[in-house]
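K.L.:
One structure coming up, written as structure tokens, with questions to follow.
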């Protein structure tokens, strides 16, 4: 009973201020069930929080959370999916336009660190209003982008402004929801909406750009931002007590981490294109980024009241969780970088991929629903095992692609991977939150840095590694295929003659016809090498998922064996 009186009073106060109540909340109903008659002080606490709130109001807040989450996630999806179209609109090359994506993603991993403390010190209402106003302002600026420099600046502002919206989505999704449903329904719902934007943006983008160009995309972003603004003002969050939590060294650590995370983001975005060993500034930037992160870690390890408890972050259980999340993000690069990149190489336009991404979006929604209904901490290993099986199966199915493969052939495999993405993340995040609050609510920031580093940075690193290895595999296949079409090859001579004959009606010069035939063969060889390289990467992702599944099963077996035989052996 002393444990209950220690846990239950903080639940309406500081713990709820930054999703802090999520892992603690499920304890309260269990405690009430243990002492049905003697828990008079606890039983009034639960009805007092839930009875005044009708189902309609909770549903309204959850709908607001969905719109807020989609506003920022679709904006992220538009940036990554629309680089070729954007490059044309701002008169830049595709490689130059990648700076726009880098500017948007660079602040994403670091901004929430300070935002959580700012929210705790100045209150939820100012945080929500200023955060959504900044996002509306950034959406308005998007309408006036007309060159590369303005696009990069506005994209950076948009990335900073979008950072608070994820927190707002979680807070609105949990507002007025009964405590026992927050780990399942609220957590899964918020994560589903946040992850859905990337695929949903690819469904909407072709229609918007074909009809209205980049201006139409910007206008849709502004419309969603204005709708989110209205919802934030009409549906206020429950205020929380303020707390003085900011310290001068917090800003030092934050800027070091922001510089480090930004450097890693830029390096892995440009590394596959400029290529690592051929571009000195990439190595220098990555070295500076690592130095900044290491300095921040050193500062935090020696602080009495750190921004991030690095000793806890570097403990074996949290390192295990971090490795799990990072492997998951790398495996998902099969969908985010692999399939999209292969169809670009095959010359497909976004309109041809709409149905594929509509199916992926539907499968992700289904995965979110499954987690919302059945997500519990003890089911996390089962969910993770199923997700890894689905990713491995989908990637292996994709590894037989050819230059004739089209989106229709990948409906099933990509639906499996989309479903797996939402089956994996909510249980993993629930585990992390519970581990953080087992130590105390102040460990929320420490878990946030783990989660953001593995998800925001992990996604960028996973895509960068995928594309870097793809370049290597493509070069190997190109060399192998080129050796097979040496000048003395009789079959090649027949192919060249047939191709040259096709140019006979339009080109009279025989030398030019031969040159055109050779160029066409070279293009075919390059395309074939690229598709073979993608097949290699898909197989690599499949084997990585199988290895992760084997490691998970071994870990579970070791844990059960230790629980059954290890403890008695030690006492003996």
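Glycine residues also receive a Cβ, built from the backbone N, Cα and C atoms like all the rest.
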K.L.:
Which range, 91-112, 311-332, 333-354, does TrEMBL list as transmembrane segment?
P.N.:
311-332
K.L.:
Tell me which of 70-88, 127-145, 469-487 corresponds to the transmembrane segment entry in TrEMBL.
P.N.:
127-145
K.L.:
Need the matching range: TrEMBL marks transmembrane segment on one of 211-235, 511-535, and I'd like to know which.
P.N.:
211-235
K.L.:
Which one of these stretches, 40-62, 247-269, shows up in TrEMBL as transmembrane segment?
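P.N.:
Within the set 40-62, 247-269, TrEMBL attaches transmembrane segment to 247-269.
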K.L.:
In TrEMBL, which of 15-33, 281-299 is labelled transmembrane segment?
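P.N.:
Spelled out, TrEMBL records transmembrane segment over residues 281-299, not the other listed ranges.
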K.L.:
In terms of Cβ proximity under 8 Å, which residues at least six beyond the ends of the transmembrane segment (381-397) contact it?
P.N.:
324, 328, 331-332, 334, 371, 375, 410, 412-414, 416-417, 419-421, 423-424, 427-428, 538-539, 541-543, 545-546, 548-549, 552-553, 556
K.L.:
Considering only Cβ pairs under 8 Å, which range in 127-145, 151-173, 185-205, 211-235, 417-437 makes the most contacts with the transmembrane segment (311-332)?
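P.N.:
When the Cβ pairs under 8 Å are tallied, 417-437 comes out ahead.
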K.L.:
Are there residues at least six beyond either end of the transmembrane segment (540-558) with Cβ under 8 Å to its Cβ atoms? List them, or say none.
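P.N.:
Tertiary neighbours of the transmembrane segment (540-558) are 324, 327-328, 330-331, 333-334, 338, 381, 384-385, 388-389, 391-393, 395-396, 399, 469.
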K.L.:
Could you give the residue numbers and ranges of same-chain residues that sit at least 6 residues beyond the transmembrane segment (151-173) on either side and whose C-beta is under 8 angstroms from one of its C-beta atoms?
P.N.:
18-19, 61-62, 64-66, 68-69, 71-72, 75-76, 79, 86, 90, 92, 97, 99-101, 103-108, 111-112, 115-116, 119, 124, 127-128, 131-132, 134-135, 137-139, 141-142, 144-145, 186-187, 189-190, 193-194, 228, 232, 235, 237
K.L.:
Sort out the residues at least 6 away from either end of the transmembrane segment (127-145), same chain, that have Cβ-Cβ distances under 8 Å to it, and list them.
P.N.:
68, 71-72, 75, 90, 115, 118-119, 151, 154, 157-158, 160-162, 164-165, 167-168, 171, 214-215, 218-219, 221-222, 225-226, 228-229, 232-233, 236-237
K.L.:
Six or more residues beyond either end and a Cβ under 8 Å away: which residues meet both conditions relative to the transmembrane segment (211-235)?
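P.N.:
Residues packing against the transmembrane segment (211-235) from afar: 60-61, 64, 67-68, 70-71, 74-75, 78, 82, 85-86, 89, 128-129, 132-133, 135-136, 138-140, 142-143, 145, 165, 168, 172, 204-205.
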